[in-house]
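S.K.: Quick paste of what TrEMBL says about this protein:
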type     : residues : note
COMPBIAS : 656-671  : compositional bias 'Polar residues'
COMPBIAS : 678-688  : compositional bias 'Acidic residues'
REGION   : 656-688  : region 'Disordered'
TRANSMEM : 46-70    : transmembrane segment
TRANSMEM : 91-119   : transmembrane segment
TRANSMEM : 177-196  : transmembrane segment
TRANSMEM : 203-225  : transmembrane segment
TRANSMEM : 272-293  : transmembrane segment
TRANSMEM : 305-329  : transmembrane segment
TRANSMEM : 365-389  : transmembrane segment
TRANSMEM : 401-426  : transmembrane segment
TRANSMEM : 432-453  : transmembrane segment
TRANSMEM : 497-513  : transmembrane segment
TRANSMEM : 559-577  : transmembrane segment
TRANSMEM : 597-617  : transmembrane segment
Amino acid sequence: MVYADVKNGRDRWMNRPVFILAAVGSMIGLGNIWKFPYLTFKHGGAAFIFTYLAALIVVGIPMLILELTLGQKMQRGSVGALRGITPRLGGAGWAASFSGFITCVVYNILLGLSLYYLFNTGSLPWSQENYQRVDGCDTAITNRIPNTELFLYMNVTNVLGENDCERYDIESSISRFSSGLFVCVLITWILVFLMIIKGAKSIQFGVLVTATLPFLFLIILIFMYTSINSEVEGFGIQFYMGQEKFPYPPTPSGEITYQDASINRDSLIQDALLQVFFSVGVCYGVMFAYGSYNPTKKPVIMDSLIIAFLDFVFSILAGFITFSAIGALQKLGIKEYNQTNSVGLTFIAMPALAAHDDGKYQGHYIFFTLFMFVAGIDSAVSYAEAFVTNIVDQYKWNRQVAAAVVCVGGIILSAIFCTSFGWVLFDLVDHYISSYIVIGVGLMQAISVGWLFEKETTAAVSPGHAASLKWMGIIYWFFTITIAFYANFGFKDFKAAGLISIFITTCIALAVSKKVSRLPFRSWYHEIVLCGVDKVSMSITSISNEDGSRSWWMVPFEAYFGVCIKFVTPVALIWLLCENLEADLASPYAEQPELMQMYSSIIVFITIILIFGPMFVCDYPEIFDHDVNLEFMADNIYAMNLRKKSTTPIKQLTQKSNQVEQIEMNESSKPIQKPELANEEDQANVEE
């Protein structure tokens, strides 16, 4: 397929399917395998699936479209794309890719664990026959800890003391280094470096394998583990979908309790939104970088839908693997069955099943660890690539040097996480990134596009435009922030009333805006309500038809995208920030001592500096290799037709604004030349 493009020497994906594979590979990872299934189980099956789907439609897909569009149109990573909107917003782009880099460091520890277990499953060192428990682990309390758990926390991560089974304490314990885990992490970083060394050119050849194999492995493993579940007549799938009550292990008094999804209802929306951000991969700078390797006129909407749909389906199907194993463990009476999430699921429960009956299911787990590694490596690659792309774009470094610096820095940081201290720290760092940094970055992106993009030029059109924008912003933001804060900190029993109040105050903001604008409804709706967001949405709808004509679905899509980015997403993210902050103030995450909380919060403070520092010093404009204004001209032409009732059809003007050289996706590019327009009226419209 041929797409219009600019020639700027930037790398290109070899074709559209390869780009989709790369984006899907970036999304699919360990969270799809263990986090999504656990949350589905936690909230009773269908309740979470439908809530997640709603969050995906309202927040995830619009943010995905936003990032891919800005990266593609501006031909920059997250820093350059956001600076293209407002120069002082470059810090938000750095914060996104920096959080992606730290996530890559944490992620590679987990991939290293997958490799470690892949290499050691053949000998089953955690099995009852092979594992030698130290005398210090034979106390009344520690004797209940299964071998698989001891192996993970004592022999692999060194969190438990090797002589006394005591958990690492920063104030009294000596941190030990896990050399075996570090070697596996080092192998992972080497693979990441080899895949990003040439940018899109090297990534695309890797994803042909690493983004396709997970789907093949997924189908095979579903068959393998559901067969085990059926063989022992387990209830794994019923537990997963909330059709059967999940029994927890008996207490010392013999009492058995059951999973009750109703007690988790308050966190349902919060869990769904956080999982959407992590699974879809927005706000880490990845989709800006991947989008920047597309031609500027390539369709975005359908690609985004395909990518999000494949990620969603993969997540649901992955649960059939993990919970089939849980069901089999429960039926077989193996006590590790209550490990239903994260490393407990994949490195305690699953190895316990592998060791059962003299290693009867040993081969299943070898295949499963390979599946985890292959599914996760593309995510690690994408996080690193997002950071490297920004370095190359902003400082013009040689790509190989930038990739080497990033990966060596990642290896050094990973060495810290391969210690007793680092393993405890790594969970806290992951919490702060997902609960605060990513949400903050998402909020900045929504503000930049919805409330800052073309604000000054729109306000300059007339006093009515300026007053309308001002009052809409004041009323919306004042009441949204105030209500979200007090609903979470002061009136926790009335959160639903708080959300309804925000909806009402938003309607008031729109009514006041319409009143003071003195504009016809269509002009007010397009130029004020959708100011900024229409510039993005119409830049992609205008290229959907080759003749530049408008189709019936474009207006509904532009309304959906605009309302979600400008009004819904900020409410969701501010609400999430308040919820997370209230929860952490009430009870520190993971009940770690203040010193550990302090070390992990350093990442948050660095990110705050990255976001707000450039706001004071980086006021110089981003220099592009092509005329970015031409890429975002469609809404200006549409507005001119509304205001001046131009006699020239919009599709004709759109065609003229898009007169750029047609090339194949894999060809090199050069700077674009501004097209010649047919008459003075057209010229005036475009310039305005």
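From the backbone N, Cα and C atoms, a Cβ is placed for every residue, glycine too.
Curation plays no part in TrEMBL annotations; they are all automatic predictions.
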S.K.: Counting only residues 6+ away from its ends, which parts of the chain sit with a Cβ under 8 Å from the transmembrane segment (597-617)?
M.R.: 88-92, 94-95, 98-99, 102, 425, 428-429, 431-433, 436-437, 440-441, 444, 588-589
S.K.: Under 8 angstroms, Cβ to Cβ: which one of 91-119, 203-225, 272-293, 305-329, 401-426 has the largest number of such pairs with the transmembrane segment (46-70)?
M.R.: 272-293
S.K.: Six or more residues beyond either end and a Cβ under 8 Å away: which residues meet both conditions relative to the transmembrane segment (432-453)?
M.R.: 63, 66-67, 70, 82, 85-86, 89, 92, 95-96, 99, 102-103, 106, 274, 277-278, 282-284, 473, 531-533, 535-536, 562, 565-567, 569-570, 573-574, 576-577, 580-581, 584, 600-601, 603-604, 607, 611
S.K.: When you scan the chain for residues with a C-beta under 8 Å from the transmembrane segment (305-329), skipping those not six or more beyond its ends, what do you find?
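M.R.: Contacts with the transmembrane segment (305-329): 20, 23-24, 27-28, 32-34, 36-37, 40-41, 49, 52-53, 56, 60-61, 64, 214-215, 218, 221-222, 225-226, 228-229, 231-232, 234-240, 279-280, 336-337, 340, 345-346, 349-350, 352-353, 368.
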S.K.: What stretch, picked from 91-119, 177-196, 203-225, has the most CB pairs under 8 A with the transmembrane segment (272-293)?
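M.R.: When the Cβ pairs under 8 Å are tallied, 91-119 comes out ahead.
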S.K.: What parts of the chain pack near the transmembrane segment (497-513), using Cβ distances under 8 Å and only residues at least 6 beyond its ends?
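M.R.: Cβ under 8 Å, 6 or more out: 468-469, 471-476, 479-480, 483-484, 486-488, 491, 524, 528-529, 567, 571, 575.
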